[in-house]
Amino acid sequence: MPQENNTFYITTPIYYPSGKLHIGHAYTTVAGDAMARYKRLKGFDVRYLTGTDEHGQKIQQKAEQENITPQEYVDRAAADIQKLWKQLEISNDDFIRTTEKRHKVVIEKVFQKLLDNGDIYLDEYEGWYSIPDETFYTETQLVDIERNEKGEVIGGKSPDSGHPVELIKEESYFFRMGKYADRLLKYYEENPTFIQPESRKNEMINNFIKPGLEDLAVSRTTFDWGVKVPENPKHVVYVWIDALFNYLTALGYDTENDELYQKYWPADVHLVGKEIVRFHTIYWPIMLMALDLPLPKQVFAHGWLLMKDGKMSKSKGNVVDPVTLIERYGLDELRYYLLREVPFGSDGVFTPEGFVERINYDLANDLGNLLNRTVAMINKYFDGQIGSYKGAVTEFDHTLTSVAEETVKAYEKAMENMEFSVALSTLWQLISRTNKYIDETAPWVLAKDPAKEEELRSVMYHLAESLRISAVLLQPFLTKTPEKMFEQLGITDESLKAWDSITAFGQLKDTKVQKGEPLFPRLEAEEEIAYIKGKMQGSAPAKEETKEEEPQEVDRLPEITIDQFMDVELRVAEVIEAEPVKKADRLLKLQLDLGFEKRQVVSGIAKHYTPEELVGKKLVCVTNLKPVKLRGELSQGMILAGEADGVLKVVSIDQSLPKGTRIK
């Protein structure tokens, strides 16, 4: 049972509704839902928040393009998002919209408080601005920098997304970020689990705090779609304050009705994508410090759900619509895949092949067949009746009982750390062990010997109880399947579906099983893989006809022997961090994970890739080159790339190959 304070407040980012949501957005929200359901199962009083970030220049421009008002645009978009959450059976307790009055009135108060405290001041700002990112950048932060004949910067791209930036000069209010830098570092030290995974914390400290925090622009005057600054209404409160404070405004903070704030704040965990870690672990805690408010207990930054060819985009024809998958395959199938396939703190790759395999092997074969066989045997041998637990009869019984009890402990540990894929993998070990138990005990042989009836009855009980425990553990992840399992096992007593009922083996008693429909019909793999690929390609714009390329003459190098080639050590390396090298427009500093060790490599690809495009990619690295220093940075190898028409492309590799694999 939970501790004395049994509340649990969990949030997702609020989504920016400038385009249709894809499976990557569903990933975050389903993960948050699984955690919320798990905590409810454990007896916690849970508050799960999600919502939409509805202000900003991009929204205003989108509305103008459609000849509608920004409010009409966001009303439609928010309705679509809420419809998707309903289809995913997200159990959120609230949906906050930043255009709601309850949000705007508090934002006005917060801004005024920060102004009165001297944390915000008015000045003029000139900087490079990316509209899609709604972010200002300094010259040193830009990538793909363009210069004129005098060497002056005349353009570049966002280091976060690769979008072009434009030089903007305007009056702005600024937040004194540097004032709180030391206090923030101290908080990191005193709260080592505040930022998870650990690698994200190191990135924040080394890349942003140690180099020095610059004051942050927190208002805009070049558009008017947003919350106005009360004493200076030509200014609109910028996204950093407007969006981040949703976690408080949804609880009624600084209003007469602040019961929810008093009950649930500080948040137990903010779930965010890794691209917005900085805003949640630097800007957000500093603003809370300025208001003398408690900080959230944890920010968990998960990775991206990628495709084989990188991030999802319509231009690549690799966008996956979650609704398409739900309608054809079912909701539980999608939810299971999302949380089983990818370690939550890392990037993962969606493949149609992997999706279909998870359904056929894990769900249909392992789980579905186990339930079908168990119910059929209990019906056949004991007219569907399950009695009470008599204890283990054989060593096989003892082993299965032990595995079940250890599974519950390991599952609980994984869930507390938000290791969803580990929790499901642990549960599937119990399911696999239960399948093996059938082969070990051979009930069909026991049934032929009347003297073995007690042993046979014990086998049937252990099968049913293992399935009941599995159904309880599935409840955070799957919304329909656990109830179908309880129904087929004849379980109507709600106490047998609760967490407390699985801490010790043997709680099931006096039920009658009933045959039901198969949980997961098996799919025709090739047909379904082709279907999903077709839907993905359908997301791409029509391609123009291309002329067939003529063969080109190339300069050939002298031939080498196989022994000479084998002297070059090529290995699969995953990019875990990437950043520009200071005062070097062409260089990126990459942190590579080789599986057996981590290395730093400096590569001359900064004009062709943003850091974010590389993080999560598996590349080919030459690992036995002598280390060198480039612009003062140690480089312990080289990544392979090819050049065509002046454009460099890194050599990527099948994402399923393990890190460190030798390439021959």
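Glycine residues also receive a Cβ, built from the backbone N, Cα and C atoms like all the rest.
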Of the ranges 4-14, 15-25, 125-135, 609-619, the one Swiss-Prot annotates as motif ''HIGH' region' is 15-25
Among 91-95, 311-315, 451-455, 596-600, Swiss-Prot marks as motif ''KMSKS' region' the stretch 311-315
If you average the pLDDT over the motif ''HIGH' region' (15-25), what number do you get? 80
Helix, strand, coil: count each for the residues of the motif ''HIGH' region' (15-25), based on DSSP. 3 helix, 1 strand, 7 coil
